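Trainee: Heads up, here are the entries from TrEMBL:
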- B:19-436: domain 'DUF112' (DOMAIN)
- B:20-47: transmembrane segment (TRANSMEM)
- B:104-133: transmembrane segment (TRANSMEM)
- B:145-161: transmembrane segment (TRANSMEM)
- B:167-184: transmembrane segment (TRANSMEM)
- B:191-215: transmembrane segment (TRANSMEM)
- B:312-333: transmembrane segment (TRANSMEM)
- B:353-375: transmembrane segment (TRANSMEM)
- B:387-405: transmembrane segment (TRANSMEM)
- B:411-441: transmembrane segment (TRANSMEM)
- B:462-484: transmembrane segment (TRANSMEM)
Amino acid sequence: MSTRRQRLPGELAFTVLLLALSLFMVWQAYEISGFSSITSAGVFPLAATATMVVAMLRILVPALRAPAEPAAAGESRTEHFVRRLVPGALVLFTLATAAYMFALERIGFVASSYAFLVVSMFLLGSRRLGLNLVVSAVALAVIYVVFRTVFEVVLPTGSLLQGVLK
Amino acid sequence: MTAALDYFLMSWLDPHLMFLTAAGTFAGIYIGAIPGLSVTMAVSILISFTFKWDMNSALAVISGIYLGGVYGGSRSAILLNIPGAPSAVATGMDGYPLAKRGEAGAAIGLTTVVSVFGGFIGILALAAAAPLVSELALKFAPRDYLLLAMWGILLVGSLSGDSLAKGIFAGAIGVLIGMVGLDPMTAEPRFTFGTVTLTAGISYIAAMIGFFGVAEVLVQLHELHIKAVRQDVSKILPSFGLIRKYLPLATRTSALGVVVGALPGAGGDIAALMAYDHAKRTVKNPSRPFGQGAYEGLVAPESANNAAVGGAYIPMLTLGIPGDAVTAVIIGAMYIHGLKPGPMLMIETPHLFWFQVGSLALANIFLLIFGLTGIRIFAKIVEAPKPILLPLILVLSAVGAYAINNNPADVYWMLGFGVFGYFLKMYGFQVGPVILGIILGPLMDRSFRQAMISAGEDPVQFAGEFLTSPLSAAILAALVLSMASQSSWWRKLRGKRDMHEPLARELEDSASAGNV
C-alpha cells in the first residue's frame with residue numbers, strides 16, 4: 001500500500017535508525033531473563049521487540065522501493081530535509097519548549113509560562129508584540145485561576161524565586 | 001433495577017454533575033471543531049487535571065468532551081472544509097459543497113439532529129449490551145484477553161496509517177514502553193538500563209500527552225495559516241419532514257457505528273468513513289450526487305461517529321479493552337482513580353456503569369441544545385490563529401504532564417515522546433496504536449503468562465487451546481477474518497467493490513493533514 005507514497009527526505013535514515021533500535025531492544029529483552037523459561041519476565045518483551053524488527057523490515061523494503069520526493073530546484077538534500085521535516089520555526093519552537101521546561105522548575109510556572117508564550121507566539125509568526133503580551137497575560141491568568149481553583153493542581157513554584165513569584 | 005435508575009439519573013439530578021456534563025459537552029464541541037485540538041489530546045491532558053476529583057465528576061466531564069468532540073469536528077468540516085477531527089473527514093465531502101450553496105445552516109442543523117440520534121442509539125446499545133457482554137466476559141480465559149488485545153492493536157494499526165507493518169510497529173513499541181520497569185510478577189527489572197528512575201516505569205500520562213499533544217502541535221506547525229471562508233448560517237432548525245426522511249438511513253448507519261465502535265481499536269473515524277461508503281453504495285437516489293452536497297453524505301457519517309461513542313464504551317467497561325484511542329485514554333484515567341475496567345467492574349461497581357450511561361445520555365441532550373445554538377460566535381472562535389493557539393496547548397500539556405506526579409522528569413519524557421511522535425507521524429506512522437500498546441501491553445504480558453502456566457508451560461498445548469476452546473476459536477476467527485479482509489489478495493478476490501482502499505486513503509490524507 002505504501003508504494004503510492006513518495007519517500008520523504010530522511011525517511012530511510014529514520015527507518016534504519018528504528019530498525020537498529022529494535023535490534024538493540026531485542027538484545028535488551030534477551031538480557032532480562034534469557035530463555036530460562038517460557039513464562040519468564042523476558043518472554044513477552046522478546047516477542048514484542050522481535051515483532052518490531054519484523055515489522056521494521058517490512059517497512060524498509062517498500063521504503064527502499066518508493067520514489068524519493070523530488071527536491072525543489074537547486075536545493076541540496078539537507079535543505080530539502082530541513083524544509084520538509086525540521087523547518088527553522090519548528091526547531092526554534094522545540095528549543096523554546098525545552099527551555100521552558102527547564103525554566104519551569106527554576107523560576108516557577110507563571111514567569112516561565114509567560115515568557116514562553118510571548119516568545120513562541122512571536123516565533124510562530126504572530127508579529128504584533130502588544131497583542132501577544134496581552135493575550136498571553138489574559139490566557140495565563142485564566143489558566144492559573146482555573147488550575148488553582150477548579151482542578152486544584154499543584155503548579156511548579158520554582159526554586160530560585162521561591163515566595164517572590166508563585 | 002431502581003438502584004440502576006438512581007445511578008443513571010445521578011448526573012441529571014445533581015446540579016454540580018449536571019453543570020460539569022454541560023461544560024464538558026460545550027468544551028468538547030469547540031475542541032472537536034478547532035483544527036489542531038483533538039478529543040484524544042483534550043482527554044489526555046484533562047486526566048491529570050481531574051485526578052484529584054472524585055471519579056464521577058471526572059467521568060461526567062470526559063463523557064461530555066468525548067460526545068461533543070466527535071460531533072464538533074463536523075462543524076468546521078462544513079463551514080471551513082477542514083475536518084476539526086478525524087471522525088469528520090467524511091462529513092466535509094458533502095458538507096462543504098452544501099455550505100458553498102448557502103445551506104450551511106441547514107447542514108449544521110441536520111448534522112446536529114442525526115448526531116444526537118446516533119448518540120442515543122450508541123448509548124442504548126451500551127446499556128443493553130454491556131451487561132450481557134460482561135457476563136460473557138466472566139467466562140473469558142487469559143488467552144482470550146491476549147487475543148482481544150492483539151486484535152485491538154492490529155485493527156487500529158491496519159485501518160489507519162499507510163501500512164499494516166507501520167501499525168504493528170507502532171503497537172509493538174507501545175507494548176515495549178508499557179513494559180519498562182519492574183516486572184509485576186517476578187520484580188525483575190525490564191528495559192531499565194540499570195537506572196533507578198526507570199524502575200517505576202514510564203508515566204503513561206506523559207507518553208499520552210507527548211504523543212497526542214506535543215507531537216500534534218509540532219505537526220500543526222507545518223500549516224500555520226489556513227484561510228477560513230465565511231458562510232451564511234441563518235436557518236438552522238431542520239424541518240421535521242427532512243429528519244423523518246433520513247431516519248431509516250440514520251438508523252442503519254448508527255447500527256454500523258455501534259458495531260465498529262465496539263470492535264476493539266476501531267472508533268468513530270473509521271465508523272464515519274464506512275458509513276459514508278455504505279450510504280454511497282445503498283442510497284439509489286440521493287438528494288444530490290454524492291460529493292456535491294448530498295444530505296445523505298452528512299447523515300451517514302455523522303450518525304455513525306456519534307453512535308460509535310457508545311459502542312466504544314462497551315469493550316472498555318466490560319473487558320478493559322479500549323474501543324478506540326479516546327477510550328484507551330479513559331482507561332488510563334480509570335486506573336488513576338483506582339478502578340480496573342473489566343468484567344468485575346460491572347459486578348463490583350454497577351453504579352459506575354449506570355452513572356456512565358446516564359452522563360452520556362445527559363451529554364447527548366446538551367449536545368442537541370448547544371448544537372442548534374451559538375453558531376455565529378462559533379465561527380470566530382474556530383478561526384483562532386494557530387500561532388496563539390499552539391503555544392497555549394503546549395503550556396497545558398506541560399502542566400498536565402507535571403501535575404500527575406509533580407515530577408519534572410515527566411515533562412521531559414513528554415517532550416521526548418512528542419518529538420519522537422512528530423517524526424513517526426511525518427513518516428506515515430500512527431500514534432494511536434502506540435497508546436493502545438502502552439495500555440494493553442501489561443495486560444497482554446500477564447494474560448500470556450497466565451495462559452501459558454495454565455497450559456502447563458507447554459507451547460503445543462497453549463497453541464492448541466486457541467482452537468479447542470470455542471470462545472477462543474471464535475475470537476481468533478474474527479481476528480483472522482478482519483485482518484484477511486485488509487490484505488491485498490482479499491481485495492483482488494472482491495474485485496472492484498472495494499471499500500477499505502478509499503477508506504485507508506482518506507485516513508491517510510487526514511493523517512498527513514495532521515488532524516489525527
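Placement of Cβ uses the backbone N, Cα and C atoms for every residue, glycine included.
Please treat TrEMBL annotations as automatic predictions, because they have not gone through curation.
How about a rundown of where these features are and what they're close to?
Mentor: In the predicted structure, the domain 'DUF112' (B:19-436) carries a mean pLDDT of 84.
Packing against the transmembrane segment (B:20-47) from elsewhere in the chain are residues 11, 57-58, 60-73, 75-76, 80, 82-86, 88, 205, 208-209, 212-213, 216-217, 220, 226, 325-326, 329-330, 332-333, 336, 359, 362-363, 366-367, 370-371, 378, 381-382, 384, 386, 389-390, 393, 396-397, 400, 404, 432, 435, 514-516: each is 6 or more residues past its ends and has a CB under 8 Å from a CB in it.
Remote same-chain residues near the transmembrane segment (B:145-161) are listed as 167-168, 170-171, 174-175, 263-267, 269-270, 315, 319, 321-322, 324-325, 428-430, 432-433, 436-437, 440, 443-444, 447-448, 451, 466, 472, 475-476, 478-479, 482-483, 486, 500, 503-504, 507-508, 511, 516 (criterion: CB distance under 8 Å, separation of at least six residues from the stretch ends).
Among residues of the same chain six or more beyond the transmembrane segment (B:167-184), those with a C-beta under 8 A of the stretch's C-beta atoms are 153-154, 156-158, 160-161, 190-192, 198-202, 204, 207, 424, 429-442, 444-446.
Non-local neighbours of the transmembrane segment (B:191-215) in the same chain are 38, 40-41, 44-45, 47-48, 176-182, 325, 329, 332, 336, 393-394, 396-397, 400-401, 404-405, 407, 409-411, 413-422, 424-425, 431, 434-435, 438-439; each lies 6+ residues outside the stretch with a CB under 8 Å from one of its CB atoms.
Through the fold, the transmembrane segment (B:353-375) approaches residues 4-5, 7-12, 17-18, 21-22, 24-26, 29, 56, 59-60, 63-64, 66-68, 71, 75, 105, 108-109, 111-113, 115-116, 119-120, 123, 126-127, 130, 233, 236-237, 306, 309-310, 313, 317, 345-346 of its own chain, all at least 6 residues removed from its boundaries and within a Cβ separation under 8 Å.
Distant neighbours of the transmembrane segment (B:387-405): 34, 36-37, 41, 44-49, 51, 203, 205-206, 209-210, 213-214, 216-217, 220-221, 224, 336, 411, 413-414, 418; these residues of the same chain sit at least 6 beyond its ends, with a Cβ under 8 Å from one of its Cβ atoms.
Sequence-remote contacts of a segment are chain residues at least 6 beyond its ends whose Cβ falls under 8 Å from one of its Cβ atoms, and for the transmembrane segment (B:411-441) they are 40, 149, 152-153, 156-157, 160-163, 166-179, 202-204, 206-219, 265, 321-322, 324-325, 328-329, 331-332, 397-398, 401-402, 508, 511-512, 514, 516.
The list of residues near the transmembrane segment (B:462-484) in space but at least 6 beyond its ends in sequence, with Cβ under 8 angstroms from a Cβ of it, reads 139-141, 143-144, 147-148, 150-151, 154-155, 158, 263, 451-452, 455, 490.
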Trainee: Other than its close neighbours in sequence, what residues sit by the transmembrane segment (B:312-333), given a CB gap under 8 Å and a spacing of at least six beyond its ends?
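Mentor: Cβ under 8 Å, 6 or more out: 39-40, 43-44, 47, 50-51, 58, 62, 66, 125-126, 129-130, 133-134, 137, 140, 145, 148-149, 152, 156, 204-205, 208, 212, 261-268, 340-343, 345-346, 353, 356, 360, 432, 435-436, 439-440, 443.
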